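A.B. asks: I am attaching a structure below and will ask some questions about it afterwards.
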Amino acid sequence: MSPATRFTVISCLVVSLITPSETSSWFDPFIEWARSSPNMTCVNNRTGTRSLATEGLISFNFYEASRTVRTYQVPKCIFMSSVSKTIMQGVDLFESLESYRRRYYSYIIVPVHASFQIFIHDLRTDLSSPTEELTSPVDKTLPNVTIWHTPSGYVIRLLDVVTPRFEECTLFPNHTVIFDMTVPCSQEVYLRQTGKHQFAIVLTFTPSFFVLNIQTAQHQHVTENDEDVILIFGDVRSIDVKAPYSKPVLTLRQSYRDDLLIVAKTSIVNATYPFIKTQDFLKGTLSGNYLDFNHVYTEFNRLVIHNLVEGLCDAPPDDRTVSMVFSYAVLARTLYHTSNVTARLEDVALRYVRLTLARTFLQQCFDVGPRYMRFPTIDGALSVLLKLIRNSRDVDGGLKLSLTFALIFGNNTDMTKERDLENALYEMKSIHRAGLVSPLSPRQRSLLYMMAYVTHHTTAFPDIRREMLAMQTSLCSPQELYNWAPHVSSAGLTMQEMFTPCSGSGRRDYSEARIAEIVQLNPLTTKTPADLYRILAHFDRSNLTNFPALSCISHLSGYVAVTLRDVTYVVSSNVMLKGTSYPVTNLAVDKTMIVTVSPAQHPCEKTEVAHATRSIPIVKNITIGNDCEYCKSAIMEYDEVNGLSNIVYLADTADLVLVTNLDNRILASSPRTRYIMMTANGTLMEITSVIIDIRQTSIFMIMLYCSLGVLLLYGLYRLLHMI
């Protein structure tokens, strides 16, 4: 029984002691007390001619008639604690019965206003505990955390790494329905501006439950007030409510393990959030095994797709928005609200990566990036796991990338090494080469999503990030948009599987009209150009601020940036930054295209005036030999009428052979199509053809070397037998 509950029982006993009989009639009581004393002997219903005041007791003296006083006493100490003071401050002894009744029904009473549901299902975690004996610790870098190596992988004790960083806070101060309480907590605030109105959803996590607070007031605030819609989910036994309310009448959903309480004014719910009263509210998350991380993550992604496709990220919170944030909160609570079992570190790490992916969407969907609940030990555990697998060729590159992504999201770039981004670059090159000739798979899109985040959200390792950005730009072709348009309508996709490299690239020139021109040719497309443009723009909310040579250019300027190792090319319709400008002359009269070249490490300087202008030389053909003089360069393809079409990055010789093979149809072939080579050293040239002269070892010589090797082995065999 909580302190507030115990005090309520005592208060009821006190009230029962001084309740008059039906025949009694008295005036208002006169209450007086003396200074503290160990005296605990009380009188009950004493009648006398004088009022009574006893040291250490509170005396209730009721004047019934002339010179007649009825006295009741209770110990003063029970009213002197902070809990009792708080409770007494929340009680209005002079409230009328009609006001009491109106106040009771002014809040949502679930049996009266809403649909209560109880979920009976088997709740169990999807984490499996290894059965091997833990005898081989491999790393003790983290304080109080041991990592063991077993045949099934690296193993840790769960609670050693998933405990969040909590700070003491006070919940529900001065609330009409709920008594305030001081608990360890962590808060996340999500803001959304729609027109003149600002909405906020505040998540407060505690060790036992979380609070989802939908703020309807015009000003944003961290603590809860009477105008908010409050949902409390988890173990709510420590929460106390004020009379005339009780937790059963506020319980909206229930399982054998957890309760969902709603505290909200009826008028606000009816006017703005009527979906809360329906049976389907939160059913997708709570009707299944919500301790199964994969189940909740799947439901979260289903809601994300609805919000993303239907443009709900720019609208006031509705059913799907609230349900999405609620499912995210369940994900976060599932991560840390667990028993201290052993688990594979890789499984725990992938859970954390998925939670991080969910956070990236919330960060994109709401206007202000919140301060997230931190898991300091799990960040350290991820860095240790990354250290253990960093140089292993037997570990999937996607796992290495996922760990790097999660660390950079948590501002832990110092826990990563250059080798980690080199591993990401290796994966990028593989996807880039495949993506030039075939549609990207959902897994490739998911990896590209994390690569794009890594590229844009750290300033470390600039040379590697510039090449990663160049390859994302290369993948953002009209053919990619043609393939992506029907892909976004596929069933069962996660948020990151809907990603297109166009959102993470240096191509900022695709307008809604241009997208319409491309996708209208694909009969499988079901989304409108407006829908596609909104999805594309949703993922594309960051400026290129972490690239010094591009940081001064407006996000909405309509340009293409090609970031080679030592030089930056910007293609636009007018001069945008200081550098050497190269006008493209072979265009229709109404088209203008300028290529501006600047050193990679040169700070961006915005200007609309060309400081140095040169013409682009025309080269009839270029020959590429074994030295690969044009590797780390790019080819720009443009149409004389329609302008820029494609940028193709040439990472190595294999890319050169692939791109220049006409059978692959990577570069268009038409009388109006022209090509400009953007070289790694900053030289521009218009080319008409490319000759590949990469000399390869002849088949005869290979056969000769193989024959000599066989003869040598046979000679060694005979020699050993003779000995």
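Backbone N, Cα and C define each Cβ position, glycine as well.
So Swiss-Prot lists the following for this protein:
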| type | residues | note |
| --- | --- | --- |
| CARBOHYD | Asn39 | N-linked glycosylation site |
| CARBOHYD | Asn45 | N-linked glycosylation site |
| CARBOHYD | Asn144 | N-linked glycosylation site |
| CARBOHYD | Asn174 | N-linked glycosylation site |
| CARBOHYD | Asn270 | N-linked glycosylation site |
| CARBOHYD | Asn340 | N-linked glycosylation site |
| CARBOHYD | Asn411 | N-linked glycosylation site |
| CARBOHYD | Asn543 | N-linked glycosylation site |
| CARBOHYD | Asn621 | N-linked glycosylation site |
| CARBOHYD | Asn681 | N-linked glycosylation site |
| REGION | 197-263 | region 'Interaction with gL' |
| SIGNAL | 1-23 | signal peptide |
| TOPO_DOM | 24-700 | topological domain 'Virion surface' |
| TRANSMEM | 701-721 | transmembrane segment |
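Could you give the neighbours, burial and distances for every feature on this list?
C.D. replies: There are 12 other Cβ atoms within 10 Å of the Cβ belonging to Asn45 (N-linked glycosylation site).
Under the DSSP three-state reduction, Asn144 (N-linked glycosylation site) is assigned to coil, being neither helix nor strand. For Asn144 (N-linked glycosylation site), the number of other Cβ atoms no farther than 10 Å from its own Cβ, over all displayed protein chains, is 8.
Other Cβ atoms within 10 Å of the Cβ of Asn174 (N-linked glycosylation site) number 12 in total over all chains.
Same-chain residues at least 6 positions away in sequence with a Cβ under 8 Å from that of Asn270 (N-linked glycosylation site) are not found in this chain.
Sequence-distant neighbours of Asn340 (N-linked glycosylation site) (same chain, six or more apart, CB under 8 Å from its CB) are Arg157, Leu158, Leu159, Asp160, listed in sequence order.
Around the Cβ of Asn411 (N-linked glycosylation site), the same chain contributes no residue under 8 angstroms that is 6 or more positions distant in sequence. In the three-state DSSP assignment, the secondary structure recorded for Asn411 (N-linked glycosylation site) is coil.
Under 8 Å, Cβ to Cβ, and six or more positions away along its own chain, Asn543 (N-linked glycosylation site) finds Ser551, Ile553, Ser554, His555.
The number of other Cβ atoms within 10 Å of the Cβ belonging to Asn621 (N-linked glycosylation site), over all protein chains shown, comes to 9.
The Cβ of Asn681 (N-linked glycosylation site) lies under 8 Å from the Cβ of Asp566, Val567, each of these being in the same chain and 6 or more residues away along the sequence.
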A.B. asks: Per DSSP, how many helix, strand and coil residues does the region 'Interaction with gL' (197-263) have?
C.D. replies: 4 helix, 32 strand, 31 coil
A.B. asks: Nearest to Asn174 (N-linked glycosylation site) by Cα distance: which of the glycosylation sites Asn45, Asn144, Asn621 is it?
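C.D. replies: Of the glycosylation sites Asn45, Asn144, Asn621, Asn45 has its Cα closest to that of Asn174 (N-linked glycosylation site).
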A.B. asks: With DSSP assignments reduced to helix, strand and coil, which class does Asn270 (N-linked glycosylation site) get?
C.D. replies: helix
A.B. asks: Take every residue in the region 'Interaction with gL' (197-263), average their pLDDT values, and give the whole-number result.
C.D. replies: 87
A.B. asks: C-alpha of Asn45 (N-linked glycosylation site) to C-alpha of Asn621 (N-linked glycosylation site): distance in Å?
C.D. replies: 113
